[in-house]
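Visitor: Quick one: the structure is below, and I'll ask about it shortly.
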Amino acid sequence: MGFCKADAATSFLRAARSGNLDKALDHLRNGVDINTCNQNGLNGLHLASKEGHVKMVVELLHKEIILETTTKKGNTALHIAALAGQDEVVRELVNYGANVNAQSQKGFTPLYMAAQENHLEVVKFLLENGANQNVATEDGFTPLAVALQQGHENVVAHLINYGTKGKVRLPALHIAARNDDTRTAAVLLQNDPNPDVLSKTGFTPLHIAAHYENLNVAQLLLNRGASVNFTPQNGITPLHIASRRGNVIMVRLLLDRGAQIETRTKDELTPLHCAARNGHVRISEILLDHGAPIQAKTKNGLSPIHMAAQGDHLDCVRLLLQYNAEIDDITLDHLTPLHVAAHCGHHRVAKVLLDKGAKPNSRALNGFTPLHIACKKNHIRVMELLLKTGASIDAVTESGLTPLHVASFMGHLPIVKNLLQRGASPNVSNVKVETPLHMAARAGHTEVAKYLLQNKAKANAKAKDDQTPLHCAARIGHTGMVKLLLENGASPNLATTAGHTPLHTAAREGHVDTALALLEKEASQACMTKKGFTPLHVAAKYGKVRLAELLLEHDAHPNAAGKNGLTPLHVAVHHNNLDIVKLLLPRGGSPHSPAWNGYTPLHIAAKQNQIEVARSLLQYGGSANAESVQGVTPLHLAAQEGHTEMVALLLSKQANGNLGNKSGLTPLHLVSQEGHVPVADVLIKHGVTVDATTRMGYTPLHVASHYGNIKLVKFLLQHQADVNAKTKLGYSPLHQAAQQGHTDIVTLLLKNGASPNEVSSNGTTPLAIAKRLGYISVTDVLKVVTDETSVVLVSDKHRMSYPETVDEILDVSEDEGDELVGSKAERRDSRDVGEEKELLDFVPKLDQVVESPAIPRIPCVTPETVVIRSEDQEQASKEYDEDSLIPSSPATETSDNISPVASPVHTGFLVSFMVDARGGSMRGSRHNGLRVVIPPRTCAAPTRITCRLVKPQKLNTPPPLAEEEGLASRIIALGPTGAQFLSPVIVEIPHFASHGRGDRELVVLRSENGSVWKEHKSRYGESYLDQILNGMDEELGSLEELEKKRVCRIITTDFPLYFVIMSRLCQDYDTIGPEGGSLRSKLVPLVQATFPENAVTKKVKLALQAQPVPDELVTKLLGNQATFSPIVTVEPRRRKFHRPIGLRIPLPPSWTDNPRDSGEGDTTSLRLLCSVIGGTDQAQWEDITGTTKLIYANECANFTTNVSARFWLSDCPRTAEAVHFATLLYKELTAVPYMAKFVIFAKMNDAREGRLRCYCMTDDKVDKTLEQHENFVEVARSRDIEVLEGMPLFAELSGNLVPVKKAAQQRSFHFQSFRENRLAIPVKVRDSSREPGGFLSFLRKTMKYEDTQHILCHLNITMPPCTKGSGAEDRRRTLTPLTLRYSILSESRLGFTSDTDRVEMRMAVIREHLGLSWAELARELQFSVEDINRIRVENPNSLLDQSTALLTLWVDREGENAKMENLYTALRNIDRSEIVNMLEGSGRQSRNLKPERRHGDREYSLSPSQVNGYSSLQDELLSPASLQYALPSPLCADQYWNEVTVIDAIPLAATEHDTMLEMSDMQVWSAGLTPSLVTAEDSSLECSKAEDSDAIPEWKLEGAHSEDTQGPELGSQDLVEDDTVDSDATNGLADLLGQEEGQRSEKKRQEVSGTEQDTETEVSLVSGQQRVHARITDSPSVRQVLDRSQARTLDWDKQGSTAVHPQEATQSSWQEEVTQGPHSFQRRITTIQGPEPGALQEYEQVLVSTREHVQRGPPETGSPKAGKEPSLWAPESAFSQEVQGDELQNIPGEQVTEEQFTDEQGNIVTKKIIRKVVRQVDSSGAIDTQQHEEVELRGSGLQPDLIEGRKGAQIVKRASLKRGKQ
């Protein structure tokens, strides 16, 4: 019986251990003691806890098993669960009240055990539930000590960080460095010898030690190899930190260990900057003594002396000056240290600087002097100091602001008083003629204004646009200021140039109190703007109801007629301000008031579909039948616009649907014209006549047939419209449809009974018309049904028949003060752009008009108007209004934006039209300004005139251009070529040349054959124009007008093949004969060439060219080293004269002012330079002073020469440098100036990041840029700006946008005329809470501190909202991780394919991932817009097809030059380097999936430089950007450091930088040598007769390794993912594809199963890799390439490659197998590293056996790795060490793996395998192709060696494999 009980107890324990709950409960029901235990004291709870059976544990606890029962070793269930890492069990036990700090016999706590085994989750849970990590073992060791000893860094970091103040999350070594804990640091370094481990913020422990001035740990780190110059991504080195902290000993230590003294942060700060900014004089001195660069500049141009001045560090300033720092050194913004001191108010520093000679009047880039800044910042002591030391009180900024302007705007009354007392003028004006009073009024500073008025400031002072201070005050609504100004004599009725009074301004802004104050002072309501708007009009326009109410209460006239007779009610209706309409109507606003064209407010409401407004107007008596001048009613307009609801409303209010206008057009006619069927339905239902005729007899069916509206034709026919109705010309609807070529309508009309044989009044049938006009389809339809006998012969000319239409317009101007700018600068017939849209809706569709010589003149093919939607229009006008109404501000000078407008649609030819003896003219549809005028009686016969553009590269011989000449226009090809006209014709060509400095002229070149070019001459001048026009009604602008529009007029009697405009320097020419003569320059009158008799033997044309040399250009380039005379050239050059000719050239300015000597030849500083190079070659200057005699007279030098050439005088004291200086200067002088515009496109990729595309273009081809097709939005367009050919253009961003700099990417590009000069700038938003906008400036030079910058263009940009679709960025994200996905493309794979297949495979990947970027790539590969559009048209449905077509086209074009490197470069340039990395980088990364970033790979994030130009005065007065920076500190939450992106650090615990860690109460080490290790409890049960059938083996591989995946004991899943960048299954690519496609042969399956007994296990382990290959092989293009090479890849070894089949691999690889136990699982990880020429190739295969083994040994034998069954062991360390980025060499490092298993005696055996390359073999010349193997074993056979602390043996094996190469 006792035996049965023992069996039952054992069976119960076995059930508890295996988790068989039912069996265990049965035993308990049968009376088994729940607390029974085995021979080691383990009860059911212990066993279930160890195995992790949560349900069993919970049930046992419910059954009241004793929770705190201990084993013989003193372990509770919590100890055992913690040791085994069973976190769920740990939670249950703790929740049931288990003692978290219970100690076993030797003092081990559960926390100690979990820390020892690296169970991080258990450690975290125990700590959170009261575990005390300071409870030590009997030996005095804490959990931290054992975790340190075991090298569990994550656990160490958590233990150290837990419970500390703040949220410190630094890695363990950093904590040790912070606490100067050398002992802990030493142990940590023993476990991981890398001392340069990075924190989350990118700092090393040495950085931390430097910050906390911990010298001991710093020395330890340096001794252990810490990099003293380690540079994280932000560029901050330990020396920077030590210099900032001020620890002299630390700085000396770092310098002694080789710290680089010139190292710079990402913002270019040196250690000297840091020391100077914090006032550390001693450190500054040490650094200077070690050679620190005293003039080093930060990114913003700050030098150390600026830093010291900013920090008010007097001693530092003195020290730097003592070491010869430049006292007036300047930043990028040209701020000197004195500016900085003035900005910060540091009086003492300013005094020292001034005493040492600083210039008190130095000007910043925007013209601010230190005095301006002191006045702005209200530093009165600094201001007084500056004035005492000579600062100019009248100094002005770039925009003309004096210190008094600045102080007045900022409202600093004491400063204002002081300045006025010191003699500043109260009425001084800036460039916009604004006084300080304007400034004070605009900013609302009443006290300042009052004081200025007391000091004789003029209350009515007028600015440039006649704005007074009262306008400024009224605009901001500052009633107090308004009253003050009115009390001091300000006139309330003074108007600006646009006619606005202060009351208009207040009305616009809606400032009621301000308006009331003005009205009380008798402000006139009758004053009108230039467009006739009263204040009430303005209030009505902007919807200011309260203000309109106030004006009406003060007797405003509600029906005052303004411009074009518009009343306030018209304006309110036009702007849809319903509240204003409802206010005006009861107050007497008349709904009947007509505008000049008879439109009532109801007409406007009807046209704009404003239902509520229309109801209000009708309610107050508005007539639904009111007629305009042309008889148009509101119903006409609503019907034409297609507003069904409005039509129904008007008809319900007695509108007459049959009422025609003056031409008889009814609403139904207009509906038929536009095709609005629903409106036609409403009209018919209300009884409208379906066959109403116009004056010319057109019915609605005629109109619908003419305009091709087939649905309406059907509708009218359904409602019994007369299908054969005739017009007065006898045209039926069938005639109209035939004339317009509408085949479908012709067919429909015939089906509905239209007679095809009807003839018009001149006897024409529809068939005859169709034939005459060439409509083949219509002819075919009509031919069948028309009676041929009725087709009468007609004359050649067909008279077109057009229905009438409405052609009146109403200008309800969107802008009461200024003209809106359209595509033309001039206005057209006083029409407003918005209303031209309305006009276009009424006029016939010109693109449907058939050309015919019978019509004398046809208007433009494409009317050159700009259509702006009403809301856009209002916005545009508002911006324009801002400029006219704002008191002038620097923004209006510096911002170069103009309103973006849509470009017109382009047709094929620029011009193409027929002309006969009556003449005609045509404007270009694409180029504004292009026009061809053929006067009457010029053509002998009907002629088609064409005009098109020609690319220079298409010409046989482009126009020959000297270096100072350039093409000013596109090359124009006119047709017919060689046409001769009876009298002159006129061609006007737009050009883009700038007159530069006034020294250039335009020349027309012509070519008859494309090879020879000559100057075009015409004997007809401008005076002949009227005679040439021959009575033609064509307006020709004057030469002045053409010059403004940049149009060149050519008068010619024939058409050559080509015309082109050339820009060159002005020349004065004449014909010189044997009698001699002279030429004098008109540009520089002192320049003269004299030709004596017989210098030439026959009459020849000679020219004299004089090019002035501006002094400022010489100064800018050369300083005061030399001065120059004008350059004088006799053309043609290189001509020899029979007698010497005389030349006179003015002397250089410096020589004229102060002749240095009267010497001659080489002794004089005056040098004569000459270049005899002719033609188009570059000038080569030489000094001919020694061989030419100069005679001085009247400030000129005279000399003679036998050869025509270029001559130049230079006054250069360094005579040897004269030629060099001249060459430099000449290069700048010869650059051709052009007028170009900057256009900016933008797109946001997400909320913070976006892209800008900047264009600098001459002719307007914006709509052809690729950005139009890629969801970019135009955000800015500049006015025309002068740029020079070849000029580098540098872009600078400021404001809330920051450029993101990529490696080797510059934000600059060069201007080339007639090219799309393009620059891509990736940007990110600095502050997402503010508007994503800023300023983009273009400069001639990069922002260096020494350059005085001239800003070419300053654009205000706002990024468009992010429109995320299935865009490129989304698509790119789905590709990650690319290196893992495309391991198929690594070198190891490609090595087995042919070169062709390799290229094709790569091309396939490129085209698959190019997506929308293909168009960018096309641009980068220099494909034209036409090519890109053709690709787009030919492949409309697929991006893949478009990418494929592009790459094919590129390969065809490049031929042999199509190199992958070129393609990679292009991909990088368009920001698609991830594709290149995917293709190129996988081979390099084969040793490590996630390599450490190289320390040198810093991605600098550029901070914006301040530019000259501000959006408003407030911006101009803001602190300069260069002063807005924070100081370096690695641990404080400083903005300076926080912008750094975190680089991939070693995967430690999450880290943050914060406060100091207190570790004084935390015991780490005790006196013991090393911490004791806990051994696991023996859970084996004694043998019994009862079968062990209760055990339920759980072979879950994932579960087996889940506990190892957290620490250094990486699970297999991690391993496989880490090694699959370049790895594959044993058989490589082909076998992998075979597995994926189910095509592997049976033989292969058998081979594999020989070594893999459970293939499912392998698949689950390598699942990441399997999925990768599944995805890539699903890709059709890659699959296609791979399939072609599959035959080869399946049999690599036959071709002498290095791969082996599985059986060979098994034989050649090392393996240890234990075949004990009933079940065997193998996990196989194979690494193939690609063949590199001449290098050793490694092939490694690891077989890991997983077994079940029930240990039967003595009770005391326990597994050291407690908690893991022997069957569930895993490798203790990763299979391969990660290699640091900087350590990646050709020779792989050692790789160490450890494996543990239990031998037959129950001992724990540890096998350690060291794999390393023994040597490298140069296989390039190897003949022997046999495989070699070297195996070295270390250790005494396989006899176990005991390892201290563990029972077991260590087997060390080194294996390497080398192979020859065929």
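Just so you know, the numbers here start at 1 and follow the chain as drawn.
In case you wondered, yes, glycine gets a Cβ from its N, Cα and C as well.
Got these off Swiss-Prot a minute ago, pasting:
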COMPBIAS  886-900  compositional bias 'Polar residues'
COMPBIAS  1648-1666  compositional bias 'Polar residues'
COMPBIAS  1695-1720  compositional bias 'Polar residues'
DOMAIN    1399-1483  domain 'Death'
MOD_RES   Ser425  phosphoserine
MOD_RES   Ser755  phosphoserine
MOD_RES   Ser777  phosphoserine
MOD_RES   Ser813  phosphoserine
MOD_RES   Ser852  phosphoserine
MOD_RES   Tyr1069  phosphotyrosine
MOD_RES   Ser1078  phosphoserine
MOD_RES   Ser1386  phosphoserine
MOD_RES   Ser1519  phosphoserine
MOD_RES   Ser1612  phosphoserine
MOD_RES   Ser1660  phosphoserine
MOD_RES   Ser1675  phosphoserine
MOD_RES   Ser1685  phosphoserine
REPEAT    106-135  repeat 'ANK 3'
REPEAT    139-168  repeat 'ANK 4'
REPEAT    201-230  repeat 'ANK 6'
REPEAT    234-263  repeat 'ANK 7'
REPEAT    300-329  repeat 'ANK 9'
REPEAT    333-362  repeat 'ANK 10'
REPEAT    399-428  repeat 'ANK 12'
REPEAT    498-527  repeat 'ANK 15'
REPEAT    564-593  repeat 'ANK 17'
REPEAT    630-659  repeat 'ANK 19'
REPEAT    696-725  repeat 'ANK 21'
REPEAT    762-791  repeat 'ANK 23'
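Quick one: how deep are these features, and who are their neighbours?
Guide: Across the residues of the domain 'Death' (1399-1483), the predicted structure has a mean pLDDT of 82.
The Cβ of Ser425 (phosphoserine) has Asp394, Leu404 as same-chain neighbours under 8 Å, each 6 or more residues away in sequence.
Taking Cβ-Cβ distances under 8 Å and a sequence gap of 6 or more within the same chain, the neighbours of Ser755 (phosphoserine) are Asn724, Ser732, Leu734.
Neighbour list (Ser777 (phosphoserine), Cβ cut-off 8 Å, at least 6 residues apart, same chain): Gly741, Thr743.
Using a 10 Å Cβ-Cβ cutoff, Tyr1069 (phosphotyrosine) registers 12 neighbours.
Ser1078 (phosphoserine) carries a strand DSSP state (E or B).
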Visitor: Non-local Cβ contacts of Ser1078 (phosphoserine) (under 8 Å, 6 or more apart, same chain)?
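Guide: Non-local contacts for Ser1078 (phosphoserine): Gln1088, Ala1089, Thr1090, Phe1091.
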Visitor: Using DSSP with the three-state reduction, classify Ser755 (phosphoserine) as helix, strand or coil.
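Guide: DSSP call for Ser755 (phosphoserine): coil, neither helix nor strand.
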